[in-house]
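These features come from TrEMBL:
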{"type": "TRANSMEM", "residues": "6-25", "note": "transmembrane segment"}
{"type": "TRANSMEM", "residues": "96-116", "note": "transmembrane segment"}
{"type": "TRANSMEM", "residues": "122-141", "note": "transmembrane segment"}
{"type": "TRANSMEM", "residues": "153-171", "note": "transmembrane segment"}
{"type": "TRANSMEM", "residues": "211-233", "note": "transmembrane segment"}
{"type": "TRANSMEM", "residues": "240-262", "note": "transmembrane segment"}
{"type": "TRANSMEM", "residues": "282-303", "note": "transmembrane segment"}
{"type": "TRANSMEM", "residues": "324-339", "note": "transmembrane segment"}
{"type": "TRANSMEM", "residues": "345-365", "note": "transmembrane segment"}
{"type": "TRANSMEM", "residues": "386-406", "note": "transmembrane segment"}
{"type": "TRANSMEM", "residues": "426-446", "note": "transmembrane segment"}
{"type": "TRANSMEM", "residues": "458-478", "note": "transmembrane segment"}
C-alpha cells in the first residue's frame, strides 16, 4: 500500500523540479525529470527494504528512505549554478555547475541500483525505469562533458562509494538513505575539490576562506576516522586514552592540517585567521556579540538540565525548548549576513569544526568532559538521534550555513544577485530559523487541523509562510544590498512549497529545507 505522506512529499518535489526547469529548459532538464521519475519508484523499494531489514547497512528506522527529495538536491543545485554563472559570463564555474549536476545524478543512480539489486524478487519495471534514466543521463554526459570533467565525476563517485562503505558501517542508524546521499555526497565533493586544488595550487585560483572550509571539513572527518580505528584496540574512556586523544589531535592539527592549509593559502594559517577575524571594528563587535549568544545557548543547556528532577530521569526537552536554539541561531546569522558575510562564512566553519570535535569527545567518552556532555545533551535528544552520534545540532548549523557557503560569489556582480537570488544567503534563516521554528511552535500550541497522514498542522504551515514573508520584508528594510526586482510571486511560491515540504517530509528538515529554498531562489 502506498504511503500518502510520501506521495504528497514526492508531488511537492516534482513541482519544485518542474518550476526550476520551467524557467530554464535544456538537455539537462530531461535528465532531471528522468531521474525524478525513477527515484520516485525506487524509493518505495528502499522503504520496503528498510521495513523488512533487508538493507545492506543499518539506516534510521523512524523515517522513510527519502530518496526522491535527496536525489534532486545536488543536480538542481548544479543546474542553478550553471545558469547563474552562464548569465554572468563565468565559464569556469558554468562548467563546474554541469559537473556538479552530472555527479549528483550518477550518485543518486548508484543508490537506486543498490536498492534494485538487493530487492527480491527483482522488480522488472523499476529496473527498466532505472536503465532508461541511466541511459538518458549517460548519453547527455557524453555530449556535454570533456574528458577531464568525466574523470572528475568518476572521482567523486568513487570517493562516495568508499565513504559509504566506511561511514555507514561505522555509524549505524544515523542516516536514512536520502540523508546519507546528501551528507556523504557533500563530503565527497569537498574531498575531491581539496585534492584537486592541492595538486594545482600554483594556479592560485580560489579565495583563502574557501580553502579554509575544505581543509576544516576534511580535517575533522579524517580525525574521526583515525580515532575510530584507534579506539577499536583500546578503551577510549580511560585517562591514558583521553591524554593520547588530545595529544594526537594536536599532532594531527599542527602537523597535517596546518601545513596543508599553509600550502593552499601560502601564508601562516593562524596569523591569517587572527588578522582576518580582527581586521575591522565591525568584526570585533560581531565576535563579542556572538560570544554573548554562545554563552546564552550554554546557559539554556545548563538551566534545562538543572530543572531535570530526580523523579523524571526520562524527561526530554519540549519542542518549544529546542526551538530556543533556532531563535539564537537566527540572532547570530542575521547581523552577519547584513554586516559581514565573509566573517560569518569563516565563523560558521570554525563552529562546525568545534561542534564535530565536541561530538567526538562525547561519543568516545574522552575525559574530562565526555561523560558530562553525554549527560547534558541527552535531554535534547529526539527520535532522529537514534544512532550513536547526536547530529541534530550539527544539521541545524549546516542548514543555516550551507546557503552562505554555496552562494556563487564569483558569479554575482559585487557579491550580490538580483531578484529572488538576492535572498540566497538568507535561505537557511528563512527556511529553518523562521519557517520551521514558527511552524513547530504554533503548530504544537495552537494547531488543530492536521495535514492528512502527518502530525504537522495546517495552522503551523500557514503561520510559517506568513512569518517568512514578514522576514523577507524586514530583510528588505535592513539589508540595503537586497533588491528583489518585483520577483515577489516567485518568492511566495518558493516559501509556500518549501513550507509544505516541511509538513510532509520525515527527513532532517534542518538540512533539506534550506537547500530547496536556495535552489528556488537561485
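Yeah, the Cβs are placed from backbone N, Cα and C, and that goes for glycine too.
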Notebook entry, point to check: Under 8 Å, at least three CB pairs between the transmembrane segment (96-116) and the transmembrane segment (240-262) (pairs 6 or more apart)?
Noted result: no
Checklist line | Which of 122-141, 211-233, 426-446 contacts the transmembrane segment (345-365) most, counting Cβ pairs under 8 Å | finding: 211-233
Notebook entry, point to check: Same-chain Cβ contacts of the transmembrane segment (324-339) under 8 Å, 6 or more residues past its ends?
Noted result: 282, 286, 289-290, 293, 296-297, 300, 347, 393, 396-397, 400, 404, 425-426, 428-429, 432-434, 436-437, 478-479
Checklist line | Intrachain neighbours beyond the transmembrane segment (458-478), with Cβ under 8 angstroms and 6 or more residues off its ends | finding: 338, 423, 426, 429-431, 434-436, 438-440, 442-444, 446-451, 484, 491-492, 495-496, 499-500, 502-503
Note to self: Which residues of the chain, 6 or more past the ends of the transmembrane segment (122-141), have a CB below 8 A from one of its CBs?
What the structure shows: 27-28, 30-31, 34-35, 37-38, 41-42, 45, 102, 105-106, 109, 112-113, 116, 150, 153
Check: Looking only at residues six or more beyond either end of the transmembrane segment (211-233), which have a C-beta under 8 A from one in the stretch?
Finding: 166, 170, 187, 190-191, 193-194, 197, 241, 245, 248-249, 252-253, 256-257, 260-261, 264-265, 269, 273, 345-346, 349-350, 352-353, 356-357, 360, 364, 405
Checklist line | Beyond the flanks of the transmembrane segment (6-25) by at least 6 residues, Cβ under 8 Å | finding: 32-33, 36, 40, 43-44, 47, 64, 68-69, 72, 76, 79-80, 83, 451-453, 493, 497, 500-501, 504-505, 516, 519-520
